[in-house]
């Protein structure tokens, strides 16, 4: 049985590289390519492929957003994210979004070629490096609530407690309480330390009112 694949990445060299990797995998047919998230969704809707291999960071719609849309439009299509980003928070978000495979572009190509048949067979696969990053991220991310992550993002973006309160629809007192809780949970004692941990661990979440 031939399995159909769509490749999506904003760099043509990466798409060519994935083509070459898949050339050694039996029964694979590449039916479409895309250079951004919108094109990836269009190709997926057009071909309803068995597998989409895509980048995490793309224009118009990122990899996680594409995966979420695939669930609606092509629920049987599996997705592998191949990324150059090592932010633990982003990798964890991608894994939680339901990707079937998660790999770093810096890793050996054999990891991807070996994983494709497993993913097509219904398994979820992460490379050893990604698995280690996910394990660390899960431990840290569980310490903060979604609201705390939003407050943290506001602080990291340079917003004042008043501005954060207005954007989130909460009181300044609540913002200050969240800030104290965040610093206590992450065991930091200054804003500089807090920002360093937040950036390193990929804990920043955009502020949207909930």
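Just so it is clear, glycine is given a Cβ too, placed from its N, Cα and C backbone atoms.
TrEMBL does not curate its annotations; it predicts them automatically.
Owing to the predicted nature of the structure, the values given are computational and were not obtained by experimental measurement.
Look at TrEMBL and you will find 4-120 tagged as domain 'Response regulatory'.
Under the heading 4-aspartylphosphate, TrEMBL lists 55. Annotation for residue 55 (4-aspartylphosphate): same-chain Cβ neighbours under 8 Å, separated by at least 6 residues, are 8, 9, 10, 11, 14, 63, 81, 82, 83.
The domain 'HTH luxR-type' annotation in TrEMBL covers 137-202.
When the domain 'HTH luxR-type' (137-202) is classified with DSSP, helix, strand and coil residues number 50 helix, 0 strand, 16 coil.
The average pLDDT computed over the domain 'HTH luxR-type' (137-202) stands at 84.
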